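Step one of this worksheet: look at the structure below.
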Amino acid sequence: MAAVTMSVPGRKAPPRPGPVPEAAQPFLFTPRGPSAGGGPGSGTSPQVEWTARRLVWVPSELHGFEAAALRDEGEEEAEVELAESGRRLRLPRDQIQRMNPPKFSKAEDMAELTCLNEASVLHNLRERYYSGLIYTYSGLFCVVINPYKQLPIYTEAIVEMYRGKKRHEVPPHVYAVTEGAYRSMLQDREDQSILCTGESGAGKTENTKKVIQYLAHVASSPKGRKEPGVPGELERQLLQANPILEAFGNAKTVKNDNSSRFGKFIRINFDVAGYIVGANIETYLLEKSRAIRQAKDECSFHIFYQLLGGAGEQLKADLLLEPCSHYRFLTNGPSSSPGQERELFQETLESLRVLGFSHEEIISMLRMVSAVLQFGNIALKRERNTDQATMPDNTAAQKLCRLLGLGVTDFSRALLTPRIKVGRDYVQKAQTKEQADFALEALAKATYERLFRWLVLRLNRALDRSPRQGASFLGILDIAGFEIFQLNSFEQLCINYTNEKLQQLFNHTMFVLEQEEYQREGIPWTFLDFGLDLQPCIDLIERPANPPGLLALLDEECWFPKATDKSFVEKVAQEQGGHPKFQRPRHLRDQADFSVLHYAGKVDYKANEWLMKNMDPLNDNVAALLHQSTDRLTAEIWKDVEGIVGLEQVSSLGDGPPGGRPRRGMFRTVGQLYKESLSRLMATLSNTNPSFVRCIVPNHEKRAGKLEPRLVLDQLRCNGVLEGIRICRQGFPNRILFQEFRQRYEILTPNAIPKGFMDGKQACEKMIQALELDPNLYRVGQSKIFFRAGVLAQLEEERDLKVTDIIVSFQAAARGYLARRAFQKRQQQQSALRVMQRNCAAYLKLRHWQWWRLFTKVKPLLQVTRQDEVLQARAQELQKVQELQQQSAREVGELQGRVAQLEEERARLAEQLRAEAELCAEAEETRGRLAARKQELELVVSELEARVGEEEECSRQMQTEKKRLQQHIQELEAHLEAEEGARQKLQLEKVTTEAKMKKFEEDLLLLEDQNSKLSKERKLLEDRLAEFSSQAAEEEEKVKSLNKLRLKYEATIADMEDRLRKEEKGRQELEKLKRRLDGESSELQEQMVEQQQRAEELRAQLGRKEEELQAALARAEDEGGARAQLLKSLREAQAALAEAQEDLESERVARTKAEKQRRDLGEELEALRGELEDTLDSTNAQQELRSKREQEVTELKKTLEEETRIHEAAVQELRQRHGQALGELAEQLEQARRGKGAWEKTRLALEAEVSELRAELSSLQTARQEGEQRRRRLELQLQEVQGRAGDGERARAEAAEKLQRAQAELENVSGALNEAESKTIRLSKELSSTEAQLHDAQELLQEETRAKLALGSRVRAMEAEAAGLREQLEEEAAARERAGRELQTAQAQLSEWRRRQEEEAGALEAGEEARRRAAREAEALTQRLAEKTETVDRLERGRRRLQQELDDATMDLEQQRQLVSTLEKKQRKFDQLLAEEKAAVLRAVEERERAEAEGREREARALSLTRALEEEQEAREELERQNRALRAELEALLSSKDDVGKSVHELERACRVAEQAANDLRAQVTELEDELTAAEDAKLRLEVTVQALKTQHERDLQGRDEAGEERRRQLAKQLRDAEVERDEERKQRTLAVAARKKLEGELEELKAQMASAGQGKEEAVKQLRKMQAQMKELWREVEETRTSREEIFSQNRESEKRLKGLEAEVLRLQEELAASDRARRQAQQDRDEMADEVANGNLSKAAILEEKRQLEGRLGQLEEELEEEQSNSELLNDRYRKLLLQVESLTTELSAERSFSAKAESGRQQLERQIQELRGRLGEEDAGARARHKMTIAALESKLAQAEEQLEQETRERILSGKLVRRAEKRLKEVVLQVEEERRVADQLRDQLEKGNLRVKQLKRQLEEAEEEASRAQAGRRRLQRELEDVTESAESMNREVTTLRNRLRRGPLTFTTRTVRQVFRLEEGVASDEEAEEAQPGSGPSPEPEGSPPAHPQ
């Protein structure tokens, strides 16, 4: 695969799992090939193109990002060439993003990308999506893009493929995420959660279903798998719960056809073994308003359409259903066809039955759904004379009351004239039409919502069987996605608020908690702030106070009298108007009331009916009526009618008295309930280990195969995908405790930890050392060890391999033991056979001896007397054994009876306990409701009491408050006077400070005059220094020291980093100062303008300070630009440092030669430096004097800045205090005015209200006493219930004790069985000896036949009893033992009884029978064991074969390495021999290389001169810009001191300061000149690669022509296939028409046969629909072809548009270039001194211009080739136009066929109507007609199947041929490239062989073997040559630096760095003069060394 793990060395790509269906492979696995960086051959072309063209990503409006080749790279801009159109652009460098190498194409984990940027992530996702790969890992989480089509990657085979696999072993999939969470839950014993998040329509619900499907398959219990067909199985119920929730909670929206209109959290409980033991579903915020009202192009919930389209006639009659168009609540039509609705309805009913819903419950639910629709059909009108509502037609009301079990009269009265409470009495109030309509809609919404809540509770009761057994759980969250409509309401606010919380949880988990754990564990880590904190937006919504959020303000408005939606919006704007995430509407015409800036974008909200939605009021009269309904379900869901908000309470909000308000605590708003449920959900998720699945919407058109880049980029930015990948790569995502790490991986380091006790941390560190891990891959914390991504997976693989080796060793030892044991047994058998043979031979010798015969006859007679005694003793022993056996049988029977009794008692107690638990739960729920009710009442009472006290104190406090306000006003006036005095004092301090500043400036002027004198003296010394510097420059030119260059780069980088940190710190301080000053100054200005005019002088001072602030801001902006430039320079310097380090590694050989020369020259250089330092000693005193003066100036500046800062701080503090005082004064004055106006009105109302409240308080106290009495009664009842529960608990404990005793007895029996098993092992050894004695004992048994028969009968009886006992024991041990143990137990019992019989009675024949039976069983067992052994051996052989293949591959790899090393040795030896024999060849090569080196040196000199000229110009422009900025800053500073005055002398002094600063900046610029040379190297690459690009371009053009031709052939073939299919369709349709006509004739003749014919017709219609579906599929393919063609045309048009735009951009840039040239010429005139320094480069400028003209000529040729390509593209467009004509003709034919099909469909409908009319008269059925019709249908079906099979075969052949053609084309290209490469190598070798001698001919065979190595060595030599040339160029750059230092030494005393740079510029002047001399005398210069070493100059 393309995925390559970068963090773990040596990690391999995951192997492709075993059997995977072929149809699923393209959608799971990344295709291997050139794009994926396949093999060497396959991946050469993309890799070469990527390397040669330097491909990058540039922004594109259409594609998001577009590939381009980097042509030229400047300091701030770069020139790129678009890969598709070939157009060139100049873009800022920060808009260009790097491209990953081709081997990272379609990477499975985006954390592995080398270049991590938005373009690479988007390209990777787009490539995978277009290849059908919708799942991609993004660090620690998974990204899935909705494919908008069905994919075959969710079958059982795919589930089995992911089962038990680690993440890196299988492709990305939601199954892999689920498997990882499931395994983490089992291993870590930590609750897990899987969060599917994303926008609406992204696929969250589908992925949730797949997660549940996988868990139900993987974690199903073995008990459930015994009988899979039994309904009620837990896993099946869990799967069937989804269709029910989707039917009642999902609906079709604009973005999604199956959108979840509620949120759900499915908690699946697991036991300790990992099996599912129960589930629980929690739902959040059902969008109940959809049941009564839907937006345009949207539908209501699925269940309505399923019920109307899928119910039978009888059910429709029972539920009083009507067509869909008759219902007012269903504004839009059904979401799918009636056939689909019927199937979905049957599926929903079947799911309800599986979940255990009874038929009565299902009918009650459907009746309530029909009643919700009937609510909307009730029509109300307004009476003529009054506003009262009436119901002229009560038909809909009668249907509604029939469905809900209500009385029509009561319902109408409660709806139109409800009883409301006025004081203590109830009166009937007539409702207006608007109020009644609102009440009806509210009742409909509430009914559906309560039905949904009841349904969820019923599902939980069915799923949550045993919650106490759950050891841990795994939760799946599916919440409504983020929604942004044109106008959004309260439901969208709640949904988006939930998504904000989830995204904040993701950010907190990924970015904050991760880093906090690093810091907690003591790992060195720098905290990274990714800027993804969403808390401000969450606070805006949920904050309770200071200031309150949207929900708190909404709840507050619900309590206020006469509150409206408008007042709510105004209060929100007042409280949250300044919040950064809140925006007001900008224009009055805007429909939105306010906007919230969510993480996913700006959302406009319209606050219509938000107060009503938040309170959710109902008609409490109708609600009470519903509670008393005769329908059980209706009464149950309306049982809690006490806590609802009545309509009279809502009306009191608008009509009540001014001081009245509803009772607080009586009900809770929707916002409060939702906020609490969301808080519980967040707490649950925070206690789990979350796994995130980020779902992405590819387009809003719901089209498959289309991806909009901008849309996907926005979602990636919002989801924090890049940040998640970055912290996964930088951090340590895998961690494990020390103890677990040691326990799990100690097997890998067996001897690393010494014996004895050792601390866990020390043990882990020793293990890590033994594992030899890279220290960068892990960190050791305080309690855990942390690993980078992939390291733990590698350790797991090594552990698996180690465990495999150990198991193999154990198996080998076990098999060896078994083999030795079998061998010993075989030896024993052989010895026994020898004894028997010896005895038989002796018997054969003795049987004819007469004495022997006599002995055999007499010996039995001697034992007859003793035989009776022996038999009698054995009979007694046998009787004892039988008694013991009977006694044990009786004990076993008693035990079994007791166990059965205990089981019954346990079941009874469990049932009783379950009932008690349910009663206890109900009592607890009742108690909770009562407690809540009590608390609410207590709150109301306490609030009323507090209000009474507050109102009594209010009148007393108003007067005191008024006096206090007046006194405060007086204090404020006095404070203002004090502030005015302080202001005047500050003004005096300012004048004093300015005087000090003037004095400081005069001192500075004197110092600068002295400095000018010192400068003149320094110039005299510089002339002498220049002579020594010129000599040193000639010697330093030959040094080319790479070490000095590296040290310079490191010093430059360190200096830049220091400056960057300082600049950043300064910028942050300035930004903070700017923000603080902006806010404070604006507030002060507004308050001072509004409150008083006396602060005019202070405002003038504020204006002057603002001007100073603007100047400071300008300086800050300049510093920010300089910082950005330094950042760029830093990056370039780092890149140059990396290149220099690489060059350092490759140039070690060449460095040794240069090192020797450097030491010689270094000694001379040190001598010259000593002389130079002696000359500089005389200037040290002057430099020390100057440094002291500079230090004094610096200290004076610091003192001045400190005083200015103190002054500004004092002014700001004064402003702040003044502003605060004015604000408080204004606020208190306003409050006083409002209080004074409202006090008189309020006092009268309060007096009346106090009397009413006292009366109400007395009534409430009586109600409180009654509530107390009821509470006491309920507490007594609760104590009784608890007592009963305690009795049940004690009974349960006794039952548990009895059960434990029974288990102990069972364990005793099991011990006896185990002893029998041990005896079996011993008897198996004795069996062999018994079998040997059996033959001898058979002759003795002939005389004991009678006794044998008697004993045989006893034995059979005992065997029967033993069999019964064995069966009973097997039943008891079935739960603990498997079939093998049972077989061993039976065998052990048989062997035991047989042994006793042989010892006691000698009944050997019965023993023989038992032996044969045991032998048969043993043989069967042995056979099974052999089969298992054979299976194991087969698997072992397969494993060994794979291991052997792996070892072979490893050996082959080692052999290849050895071969490579051998070839390298041969190559070196051959090179030595060849060097001796090819002197002439080498001389020719050296001459050619010398000529090439001279040409390159001249080109390099020309380029260096060009670069020097351009760099000087750029430096001059930069200095001019900085000079202008400093002048502007100086003018700004001087303008702020107009009152002090300015002078010409001060301006001149400021100019000199600016020039000095410019000189310092110029020094910084010159230090960065070397880094700019890398950008100019593109010109050299362009000249080298033009021809290669031209060849590649022609090859690409030819490939595109071939691809277009292939595409045309494929389209033509598809058209032919479509025509063939259309003809076949026409034939089938003709046959169907003929069959229909025949049926019509038979209808006229045989009307009695129409029932069966109708059934057959329906089947034929199904076939016709299938064929129509196939035709639609073909039409869809034609449409896709057309769309693809249109997309190609649109892309061509877009390319032309972009070309024109870019041409205009080029013209604009040329104009800007001309303007910059004019500015540059002006700058050249201003800087005459620098023009003298670059005068030496004018001679080479003409040659550079000539070269530039040549390059422009070549570019013109390339443009002509581009025009040829455009003409070729026009030819391709013509071909596509022809294909379009063919497609249109086929479209017309298809439309004709479709019209014919429509006619046939109309005929079919007419025939159906006739059949419907005659169906009532049909009585009999004709079997013959049915048979004939079935034969016709079978024929049609067979033809259709043949056509489908033929179509599939042709499709497969077409796909296969396409693959073969593409494979052949790839192979052909590879062969062509290989042939060209071989031809080139052969030409080179042929030239060398022609120049060789006889020695070369003798070594020809060795040359053929090593020709590939020779070519590589030649390429390496060329590379070394180029690198040596690069070193030469770097030395020349050093020369330029020396020249710069010389120039600076002329200007004044310099630091060591400045002197070095001046010396480099002096050296450059020397180089320039040497180059002019060489151009004048080309033959006089020395020739270069053969290996590219620098030319030797004379010393």
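Even glycines carry a Cβ here, placed using N, Cα and C.
Marked as region 'Disordered' by Swiss-Prot: 1-46, 1371-1415, 1592-1623, 1905-1942, 1958-1995. According to Swiss-Prot, the N-acetylalanine annotation covers ALA2, on the basis of experimental evidence. Look at Swiss-Prot and you will find 51-101 tagged as domain 'Myosin N-terminal SH3-like', backed by sequence analysis. The phosphoserine feature in Swiss-Prot is assigned to SER60, SER1969, SER1980, SER1983, SER1989; the stated evidence is a large-scale study or a structure entry. The annotation domain 'Myosin motor' is assigned in Swiss-Prot to 105-800 on the grounds of sequence analysis. Annotation source Swiss-Prot lists ATP binding site at GLY198, GLU199, SER200, GLY201, ALA202, GLY203, LYS204, THR205, citing sequence analysis. Residues or ranges marked as region 'Actin-binding' by Swiss-Prot on the basis of sequence analysis: 678-700. The annotation domain 'IQ' is assigned in Swiss-Prot to 803-832. The feature phosphothreonine is assigned by Swiss-Prot to THR1194. Here Swiss-Prot flags 1930-1942 as compositional bias 'Polar residues'.
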SER60 (phosphoserine) versus GLY201 (ATP binding site) - Cα distance in angstrom: 26
Overall pLDDT for the region 'Actin-binding' (678-700), taken as the rounded mean: 90
Recorded positions: SER60, GLY198, GLU199, SER200, ALA202 - member with fewest neighbouring CB atoms within 10 Å: SER60
Secondary structure of the residue listed as 'phosphothreonine' (DSSP, helix/strand/coil): helix
Rounded Cα-Cα span from GLY198 (ATP binding site) to THR1194 (phosphothreonine), Å: 59
SER60 (phosphoserine) and GLY203 (ATP binding site), Cα-Cα, nearest whole angstrom: 28
Any further residue of that chain within 8 Å (Cβ to the Cβ centroid of GLY198, GLU199, SER200, GLY201, ALA202, GLY203, LYS204, THR205) of the recorded ATP site: ASN146, ASN256, GLY481, CYS695, VAL697
DSSP-derived helix, strand and coil totals, residue by residue, for the region 'Disordered' (1905-1942): 37 helix, 0 strand, 1 coil
Secondary structure of LYS204 (ATP binding site) (DSSP, helix/strand/coil): helix
Secondary structure content, the domain 'Myosin N-terminal SH3-like' (51-101) (per DSSP, counts of residues): 6 helix, 29 strand, 16 coil
LYS204 (ATP binding site) to SER60 (phosphoserine) - Cα separation in whole Å: 30
Proximal but sequence-remote residues of the same chain as THR205 (ATP binding site) (Cβ under 8 Å, at least 6 apart): GLU246, ASN250, ASN258, SER259, SER260, ASP478
SER60 (phosphoserine) and GLU199 (ATP binding site), distance between Cα atoms, whole Å: 24
Number of Cβ atoms other than its own within 10 Å, given for GLY203 (ATP binding site): 24
ALA202 (ATP binding site) and SER60 (phosphoserine), Cα-Cα, nearest whole angstrom: 25
Neighbour tally for GLY201 (ATP binding site), based on other Cβ positions within 10 Å of its Cβ: 24
Most Cβ neighbours inside 10 Å, all chains, among the recorded positions LYS204, THR1194: LYS204
